[in-house]
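Notes follow once the structure below has been shown.
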């Protein structure tokens, strides 16, 4: 008959009596999926809301360019996008599509960057790319610079669009994961609406930088 040998455990001391109420961690339960559950941990909701602003940048950039393209002052500054130009269709589509090309490249590299420097710092790097792209577009005085700005901004947009849902899904409680992920979709729509109204309000404004009034809020 085989004998069962019990391995000795390491000696340890109990310090339960020395732990005060301030040192104890309170576990917050989200089993019900109700709104008041998030009030116990507003940090989670705030972090998810802040991360969802990546969707706002995507919606804003898509909305603002669709209206800027038909502005007379924009076509005057960038004649390549004017209907009188023989290659009007190509130049307009190429400039518009550079955002999506940059976004595609950003999505490819984000997983490696996020695994190396964390999700939070990966989103920070994406934000830096987006801000740099917005600044270049705002200050662009020729077609080539505008295209470059669209591409750099697209890298940030694509990275944010991929990284934000990933970050939110990892920090969100199971009962609230779906609801918090919807924040990014809402931000995309809000970003497009804000872009439409800003462009509408500044359609007659004339500035030395054609995209100043529309991109400065993006920065």
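Cβ atoms are placed via backbone N, Cα and C, with glycine included.
Mean pLDDT, taken over the domain 'Major facilitator superfamily (MFS) profile' (47-219), works out to 84 on the 0 to 100 scale. According to TrEMBL, the feature domain 'Major facilitator superfamily (MFS) profile' maps to 47-219.
The transmembrane segment annotation in TrEMBL covers 43-70 (among others).
Summarising the annotation, TrEMBL assigns transmembrane segment to 90-114 (among others).
Summarising the annotation, TrEMBL assigns transmembrane segment to 121-141 (among others).
Counting only same-chain residues 6+ beyond the ends of the transmembrane segment (147-168), those with a CB under 8 A from a CB of the stretch are 47-48, 51-55, 57-58, 61, 65, 94-96, 98-107, 109-110, 113-114, 119-120, 122-123, 125-138, 140, 177, 180-181, 183-184. TrEMBL lists 147-168 (among others) with the feature transmembrane segment.
Packing against the transmembrane segment (180-199) from elsewhere in the chain are residues 44-45, 48-49, 51-64, 67-68, 161, 164-165, 168-169, 172, 213-214, 217: each is 6 or more residues past its ends and has a CB under 8 Å from a CB in it. Residues or ranges marked as transmembrane segment by TrEMBL: 180-199 (among others).
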Same-chain residues at least 6 beyond the ends of the transmembrane segment (43-70) whose Cβ lies under 8 Å from its Cβ atoms: 81, 92, 96, 99, 103, 123, 126-127, 130, 150, 153, 156-157, 160-161, 163-164, 167-168, 171-173, 176, 180, 183-196, 198-200, 203, 210-211, 214-215, 217-218
